[in-house]
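Feature list (source: Swiss-Prot):
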BINDING   HIS96, ASP98, HIS159  Fe cation binding site
BINDING   ARG169  2-oxoglutarate binding site
DOMAIN    78-178  domain 'Fe2OG dioxygenase'
Amino acid sequence: MMIEIPGVFSPAEAAQLVERLRAAQWIDGRATAGAQSRRVKENRQLDGDDPLAREIGDEIIRRLAQNAVFMSAALPKRIYPPLFNRYAGGESFGYHVDNAVRGIRASRERVRTDLSATLFLNDPASYDGGELVVRDTYGEHHAKLAAGSMILYPGSSVHKVEPVTRGERLASFFWVESLVREDAQRSLLLDMDVAIQRLTQRDADGESLLQLTGAYHNLLRMWADA
């Protein structure tokens with residue numbers, strides 16, 4: 001399941017983040033890749049310990065905590081500190097799979113990568129290529145979103161970033177450990193939550209809405225790894 005979360009930041013806010021990031025010290029992205037990914041990875045990244053990466057990463061996490069779509073879709077338990085990458089001049093990242101568990105360098109904490117997230121930071125019209133391509137049993141799914149919008153998809157997915165042939169692509173990427181580790185279960189809970197919100201807005205029958213809300217929370221109680 002791929003979920004688009006529009007407007008995490010406004011285009012103007014995203015443009016300000018881009019200006020701050022352009023002045024940063026970028027390193028070869030292969031420095032943070034595993035043996036398999038290193039063969040297909042060609043981009044630049046900010047070091048995870050870079051003060052600017054931490055500062056903007058904290059801003060992203062605060063913004064996500066206020067985003068109802070993200071909270072409902074991800075049911076986050078832990079969020080890996082956001083990282084940042086930059087593609088230009090034909091750079092790309094071939095098909096790969098993210099590590100199942102990632103350790104946070106600043107602590108002994110580990111994050112299970114149930115969900116992967118990419119937050120697009122610059123205007124898609126400002127660069128050619130750079131699509132995120134996620135492959136599953138139904139084929140390939142392409143994402144190249146507006147500045148400030150984010151795509152959320154299962155961390156188990158095979159995915160790649162197409163070559164950027166004009167301009168540059170700046171993005172933040174990170175992983176989410178969910179209270180509910182199974183994608184199918186999260187999808188069902190999201191569908192139920194959306195239905196509950198729509199029925200609430202329509203002032204639906206109170207008893208039926210109460211039953212559906214109870215079923216949602218009982219399933220969450222059954223499946224949550226809290």
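From the backbone N, Cα and C atoms, a Cβ is placed for every residue, glycine too.
Here the structure is a predicted model, which means the values were calculated and not measured.
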If you measure ARG169 (2-oxoglutarate binding site) to HIS159 (Fe cation binding site) at Cα, how many Å is it?
17
Between the binding-site residues HIS96, ARG169, whose Cβ has more other Cβ atoms within 10 Å than any of the rest?
ARG169
Among the binding-site residues ASP98, HIS159, which residue has its Cβ surrounded by the fewest other Cβ atoms within 10 Å?
ASP98
